Amino acid sequence: MRGGALLCGQVQDEIEQLSRESSHFSLSTGILPSLGARSNRRVKLRRFVVSPYDHKYRIWEAFLVVLVVYTAWVSPFEFGFLRKPRPPLSITDNIVNAFFAIDIIMTFFVGYLDKSTYLIVDDRKQIAFKYLRSWFLLDLVSTIPSEAAMRISSQSYGLFNMLRLWRLRRVGALFARLEKDRNFNYFWVRCAKLVCVTLFAVHCAACFYYLIAARNSNPAKTWIGANVANFLEESLWMRYVTSMYWSITTLTTVGYGDLHPVNTKEMIFDIFYMLFNLGLTAYLIGNMTNLVVHGTSRTRNFRDTIQAASNFAHRNHLPPRLQDQMLAHLCLKYRTDSEGLQQQETLDALPKAIRSSISHFLFYSLMDKVYLFRGVSNDLLFQLVSEMKAEYFPPKEDVILQNEAPTDFYILVNGTADLVDVDTGTESIVREVKAGDIIGEIGVLCYRPQLFTVRTKRLCQLLRMNRTTFLNIIQANVGDGTIIMNNLLQHLKEMNDPVMTNVLLEIENMLARGKMDLPLNLCFAAIREDDLLLHQLLKRGLDPNESDNNGRTPLHIAASKGTLNCVLLLLEYHADPNCRDAEGSVPLWEAMVEGHEKVVKVLLEHGSTIDAGDVGHFACTAAEQGNLKLLKEIVLHGGDVTRPRATGTSALHTAVCEENIEMVKYLLEQGADVNKQDMHGWTPRDLAEQQGHEDIKALFREKLHERRVHIETSSSVPILKTGIRFLGRFTSEPNIRPASREVSFRIRETRARRKTNNFDNSLFGILANQSVPKNGLATVDEGRTGNPVRVTISCAEKDDIAGKLVLLPGSFKELLELGSNKFGIVATKVMNKDNNAEIDDVDVIRDGDHLIFATDS
């Protein structure tokens with residue numbers, strides 16, 4: 001086990017290291033795997049072999065580059081101005097050489113990338129062989145100390161120093177990486193590179209100029225000797241500055257004439273130096289020109305585009321208003337590009353998952369408020385957001401033209417626009433649309449020409465959705481398509497506009513004739529209470545027992561709405577009158593709970609029974625609503641109101657919690673058991689005792705006496721003095737909440753995810769069910785952690801016999817404040833009624849305890 005844990009830790013460390021390496025954005029720091037192959041960076045290298053892309057090794061390389069900069073200055077300087085080593089330069093040189101000697105040794109342990117296979121080679125023999133036949137000799141020679149070179153030849157000191165310039169290759173690799181690194185500005189990196197090249201060229205030329213003069217047999221006949229007599233006796237600093245001065249004037253082609261070549265050697269060197277300057281100047285000018293042109297290319301392209309658009313408009317005699325729209329759109333496009341708002345180009349370069357996440361973050365909250373998508377699932381909304389395209393429109397530009405083909409619809413993100421009617425020959429503004437409104441949806445959904453021209457009033461940002469893409473998504477989400485269509489029709493009905501009224505009638509006729517491209521189902525027709533459309537769809541062969549995501553069939557919906565014609569049509573086409581939805585509801589119950597007596601009668605005539613559904617749930621619902629008439633109607637139609645719902649809660653449990661004595665009497669007459677436990681172990685008698693319902697307790701005692709039923713208690717459960725089993729905290733479930741706070745079981749979440757199967761049948765459901773005790777009872781600890789504690793409180797100084805049932809606060813201070821507020825005293829003590837013991841900590845209070853508040857007096 002320990003070995004496995006160690007191996008797991010090593011793998012985790014390796015993954016973390018690789019993740020850290022992969023966090024760099026430089027294009028040159030990673031290896032692209034071949035097609036179909038995994039990344040080579042996931043391959044663990046052999047022992048003592050370092051990856052060339054290792055983060056620590058990259059830091060070492062950066063440190064060596066700093067030493068290379070020193071070498072680039074000191075090597076030409078020592079070659080030109082010094083004949084033998086001088087401290088402190090000689091000491092510094094040896095320290096630098098020592099670091100590069102360490103790098104030579106380290107290179108034998110650094111893997112390399114095979115250019116043919118693009119794999120990292122970690123075989124140390126192959127690494128050594130490749131290094132020995134490539135750079136090893138030059139690296140070794142460049143690290144020979146100056147003192148050793150002097151022993152070979154007194155004239156070899158400067159030459160050995162020049163061999164160290166071999167290290168400059170590291171600087172070139174560094175600049176190549178920096179140019180691709182997003183953390184550094186490309187323009188300034190290129191400028192820094194050009195400056196370094198120029199300074200190095202000037203420095204080398206100055207050292208060579210002085211070397212030629214210093215080694216001449218006649219110092220007076222040299223470029224520096226002609227102006228400075230006995231220049232060898234001048235300070236080293238003065239000689240270096242003079243050499244740099246002549247080198248820079250020659251490079252810049254200024255040529256003041258104060259310094260010039262005197263002897264033949266100097267003339268020859270000057271010729272080649274000026275030829276080199278021609279190439280260097282061309283290189284510098286070319287690079288700077290490229291950088292400047294790149295920075296102004298957008299402006300140049302914009303001017304060319306504007307000029308081309310203007311020429312096109314004049315050549316084709318376009319009206320002034322259309323010309324203005326063209327130029328305004330091009331100017332806006334240039335502005336968005338120059339300000340970094342070219343979002344579509346940026347999004348198109350990203351993977352779909354990242355695009356979807358960005359769109360969800362930016363636009364989901366906006367689309368969630370659009371009337372057309374009210375009530376659709378999160379799945380559909382997420383898919384639609386991912387396909388939205390953001391666009392900018394300048395003021396007074398036409399977004400949609402009247403009577404054009406419906407190819408797109410738009411959602412206004414910000415700005416305002418006008419709906420313009422131009423059918424009459426004169427333009428008239430119908431209404432104004434603002435941020436959050438949708439435009440063009442009628443044409444897209446109904447596949448008819450656009451009703452109005454949409455013209456922006458000021459700068460607008462819109463989200464565009466293509467019709468084909470939209471319909472493809474809807475085809476895969478038929479239930480949501482029904483909701484969208486219903487939202488559209490409801491919106492048209494609420495507008496109270498003559499034009500929209502005609503559109504509504506036309507759409508309803510198209511629906512009835514089945515000429516809509518959207519996938520329509522029977523549930524949609526039942527929701528619309530449209531028996532003509534329902535009949536049309538049934539004649540097409542649609543299954544009358546089809547269900548939505550919650551298992552509700554068209555017959556459920558029609559019965560709930562009381563649409564008798566729709567119910568008769570569905571039954572005529574053999575719809576199942578006893579079909580159940582996901583909550584156990586049947587059409588007969590839907591009609592009963594809404595009070596549609598005619599529909600109830602028709603369903604009963606066609607064989608519908610209340611027992612086909614979850615009668616226990618129906619009875620509890622009637623008890624929660626306090627509807628005794630509905631409860632009697634369940635019994636009238638053959639339902640057993642004593643049956644519990646899935647949680648074990650019966651209608652009697654609920655009636656006791658609601659303190660509905662009449663309903664309790666009726667349920668007892670129907671044979672309800674006062675000792676029947678729910679899944680938490682609570683019986684109706686326990687609830688009546690704990691909640692202090694004296695009338696109900698008396699009713700239970702009378703009923704128990706009549707039936708002579710004795711309550712059997714388990715010895716494993718502690719007994720309270722009241723004679724009621726201590727079953728832990730009773731959970732106030734939605735099934736037995738007061739009716740004023742209860743939400744009907746038929747109300748569903750508007751943003752619920754689509755149900756695929758029952759949760760209880762999933763792995764998570766199985767595991768969750770295992771945590772519930774088989775006998776439905778919970779220990780004291782479980783009751784305290786899973787549910788709040790309820791206690792009965794009373795005051796010793798008040799005439800309060802029954803007390804009040806409250807939830808136990810979280811602290812003793814809050815408990816004292818609760819007692820003070822409830823009884824109008826300054827409570828300072830809390831005692832347990834059972835043993836008269838004073839309590840000073842809420843942790844010792846159990847569920848069901850009776851607490852007495854008292855003052856110091």
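Glycine is treated like the rest: Cβ placed from N, Cα and C.
Here the structure is a predicted model, which means the values were calculated and not measured.
Taken from Swiss-Prot, the feature nucleoside 3',5'-cyclic phosphate binding site applies to 372-493, supported by sequence analysis. DSSP assigns MET388 (nucleoside 3',5'-cyclic phosphate binding site) to coil, not to a helix or a strand. Spatially close to MET388 (nucleoside 3',5'-cyclic phosphate binding site) yet at least six residues away along the chain are SER359, PHE363, MET367, ILE411, LEU463, ARG464, MET465, judged by Cβ distances under 8 angstroms.
Among the features that Swiss-Prot reports, domain 'KHA' is placed at 790-857, with the record citing sequence analysis.
Below 8 angstroms of C-beta separation, residues 80, 198, 201-203, 205-207, 209-210, 223-224, 227-228, 231, 267, 269-270, 273-274, 277, 280-281 of the same chain, each at least six residues beyond the ends of the intramembrane segment (242-261), sit close to that stretch. What Swiss-Prot records for 242-261 is intramembrane segment.
According to Swiss-Prot, the feature repeat 'ANK 1' maps to 515-546, an assignment based on sequence analysis. Counting residue by residue with DSSP, the repeat 'ANK 1' (515-546) contains 16 helix, 0 strand, 16 coil.
Sequence-distant contacts of the repeat 'ANK 2' (550-579) (same chain, six or more residues past either end, CB-CB distance under 8 Å): 522-523, 525-527, 529, 531, 534-535, 538, 544, 585-588, 590-591, 594, 596, 598-599, 602-603, 606-609, 612-613, 746, 748, 755. Feature annotation from Swiss-Prot assigns repeat 'ANK 2' to 550-579.
Averaged across the repeat 'ANK 3' (583-612), pLDDT in this predicted model comes to 90. Taken from Swiss-Prot, the feature repeat 'ANK 3' applies to 583-612, supported by sequence analysis.
Residue counts of the repeat 'ANK 4' (614-643) by helix, strand and coil are 20 helix, 0 strand, 10 coil (DSSP-based). What Swiss-Prot records for 614-643 is repeat 'ANK 4'.
Under the heading repeat 'ANK 5', Swiss-Prot lists 647-676, citing sequence analysis as support.
Secondary structure of the repeat 'ANK 6' (680-709) per DSSP (helix as H, G, I; strand as E, B; remaining residues coil): 22 helix, 0 strand, 8 coil. Residues or ranges marked as repeat 'ANK 6' by Swiss-Prot on the basis of sequence analysis: 680-709.
Residues or ranges marked as topological domain 'Cytoplasmic' in Swiss-Prot: 1-61 (among others).
The annotation topological domain 'Extracellular' is assigned in Swiss-Prot to 83-90 (among others).
Residues or ranges marked as topological domain 'Cytoplasmic' by Swiss-Prot: 112-134 (among others).
Counted with DSSP, the topological domain 'Cytoplasmic' (180-193) comes out as 9 helix, 0 strand, 5 coil. Marked as topological domain 'Cytoplasmic' by Swiss-Prot on the basis of sequence analysis: 180-193 (among others).
When the topological domain 'Extracellular' (215-241) is classified with DSSP, helix, strand and coil residues number 12 helix, 0 strand, 15 coil. Annotated topological domain 'Extracellular' per Swiss-Prot: 215-241 (among others), in sequence order, evidence recorded as sequence analysis.
Counting residues per DSSP class in helix, strand and coil order gives 2 helix, 0 strand, 2 coil for the topological domain 'Extracellular' (262-265). Feature annotation from Swiss-Prot assigns topological domain 'Extracellular' to 262-265 (among others).
The annotation topological domain 'Cytoplasmic' is assigned in Swiss-Prot to 287-857 (among others) on the grounds of sequence analysis.
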Site with most surrounding Cβ atoms, counting all protein chains shown within 10 Å, from the binding-site residues VAL420, ILE484: ILE484
Cβ neighbour count within 10 Å of LEU372 (nucleoside 3',5'-cyclic phosphate binding site): 18
DSSP three-state assignment (helix, strand or coil) for ILE484 (nucleoside 3',5'-cyclic phosphate binding site): helix
Largest tally of Cβ atoms lying within 10 Å of a Cβ, found at which of the binding-site residues GLU404, PHE452, THR468: PHE452
Leading stretch by Cβ pairs under 8 Å, where the reference is the transmembrane segment (62-82) and the options are 91-111, 194-214, 266-286: 194-214
Sequence-distant neighbours of GLY436 (nucleoside 3',5'-cyclic phosphate binding site) in its chain (C-beta under 8 A, six or more apart): LEU366, LYS369, VAL370, ILE411, LEU412
Assigned element (helix, strand, coil) containing THR468 (nucleoside 3',5'-cyclic phosphate binding site), judged by DSSP: helix
Range from 91-111, 159-179, 266-286 with the greatest count of C-beta pairs under 8 A to the transmembrane segment (194-214): 266-286
